[in-house]
Amino acid sequence: MDEFRPLLRVHAPRWPWLLAGGGLMLMATLAGFGLLALSGWFITATGLAGIAMAAGNTVMLDIYRPGAGIRFFAVGRAVSRYGERLVTHEAVMRLLADLRVWMFQRLMQLDLRRLGALRGGDTLARLTADVDRLDQFYLRLLAPVAVAAFGLVIAAVVLALFAPPAALAVTVIIGATAAAAALLGLWLTRRPGEQVVALSGQLRDHLVLALRGAAELRIYGHESSALQHQDALSREHERTNRTLARLAGLTQAGGSLATFISVWVAAVLTIPLVQTGALSGPGFGLVLLGTLALAELVTPLPMATQALARVRAAARRVVGAAPETTAPPPEAQRPGDGTVVLEGVRYRHHAGAPMILDGVGLTVYPGDRVAITGRSGTGKSSLLQLITGALSPESGAVRVGGDPVATLSPEAIGQRAAWMPQRTILFNGTVEDNLRMAAPDASRQSLWHALWLASLDDTVAALPEGLDTWLGESGRQLSGGEARRLTLARTLLQPAPVLLLDEPVRGLDRDTALAVMERLADLPEQRAVVVVTHAPELLPDRFRHLALHGGQLGAGV
């Protein structure tokens, strides 16, 4: 059950809502018990009064107080049930939002190697279907089990006031049957419950991969095999769901059978009390219908056992997608200067692969301008990713602002170093929206200055809506060079003392690239700039040129 511990921590801020929902659920259940039990008393009393009157006897029967009680329980049950649905669903919606934020935050703390190991469709399934499935943790597992336990005890106490032997027998029968059904259901549904969750992830993963590779599948004639595989997964998913449905039906039938047996046992044990005068006739009706009302308590339990298997599997996938990372010490979160130090850094992509960085050493001081060149695959981008903490070295030390990168949180690293990755990433939104991802509180003047530094200000000014121009789907499509410069402008807006720029002028014409590099060289003295490029001829004289070759950094030519 270790997979539930992180979920319980996420649930903690919502416990007032959850307790309120559980309390309303218990009130609705007890109101149903009271309604049926009191109705049994009233119906029996009315029938006996009618028989007595038919025999010529005078009978005094108060119909107002029992009638008021029945109306009270009926209205209370309806109001409690409505409040329970309102509160529990509000709580669950907030919980699901909390879980998605929690999972996304955990994913963002993973390094690039671990993020790259996650499959897109499967990760999507974990963020959507698996998180959605966790709503059953409270609605179908915690709350129904707690309500059944408390409700059974309270109902047993009420029944014991009228027929102690029957109350004891009914409690034992229903409690034992519920426990046995839960254990049996858990044993029977564990494997299919885990299978249906895993198959859901596989279905989404295969669908996403097939859609992404639709053109290649068509070109090479593999469309039919992809469809057959998707169909096979769908059939297996459907078959597993049918198995779970049959098991749920069997366990629910067992619970109903236990309730009817309890009614017969209660009748057998209560009749002698009526015969001896220890219990009135209306009390007999109260005990029988009250026992029948206990079915409402135990009916959700088979679904709870089935939900447990699914929830455990979903929790395992959600927690496993984003393993917990060690929190950096608080003292490592202070702002640092713009000094970057690499000492004896060795790195390779995976065990058994050749070293692409073998004992690399580099020191960058505030105000430095450093350019790193080299052939593709020599480790230039990996070197920048090591500085940002996106990758971890096999050995050696990487420090930014005087602290080891491994001790810094992503937020602290972002305060010290702004990284422009090789991959251009823009979001569906306006030009301003994309820029403010780096600096939400920046003035419009600052936005235009960043665009000027990236030599994109004239292009944006020429757009019909300027900074308010929508980009992406249903909007303006930027060219590769324009998108690259917008990404550069966004990076420059970050107030970090170190700029790590991976191919900032890729895709630009020579004149524009030279202008951008000159402006980078003229940035304020307190900012250090490290540029990775394949075009050393574009470097201004102020840049210190280093070449990466054979895992070593040396002077460039």
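The backbone N, Cα and C atoms fix where each Cβ goes, and this holds for glycine too.
TrEMBL labels come from automatic prediction, so no person has curated them.
What TrEMBL records for 19-310 is domain 'ABC transmembrane type-1'.
The domain 'ABC transporter' feature in TrEMBL is assigned to 340-557.
If you look up TrEMBL, you'll see 15-35 (among others) marked as transmembrane segment.
The feature transmembrane segment is assigned by TrEMBL to 41-64 (among others). Tertiary neighbourhood of the transmembrane segment (41-64): same-chain residues 70, 281-286, selected by CB-CB distance under 8 Å and a gap of 6+ residues from either end.
Under the heading transmembrane segment, TrEMBL lists 141-162 (among others).
According to TrEMBL, the feature transmembrane segment maps to 168-188 (among others).
According to TrEMBL, the feature transmembrane segment maps to 247-271 (among others).
Here TrEMBL flags 283-303 (among others) as transmembrane segment.
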On the domain 'ABC transporter' (340-557), the mean of the pLDDT values is 88
For the transmembrane segment (141-162), the distant same-chain contacts (Cβ-Cβ under 8 Å, at least six residues beyond its ends) come to 18, 21-22, 25-26, 29-30, 33, 37, 88, 168, 170-171, 174-175, 178, 266, 279, 283, 286-287, 290-291, 293-294, 297-298, 300-301, 303-304, 307-308, 311
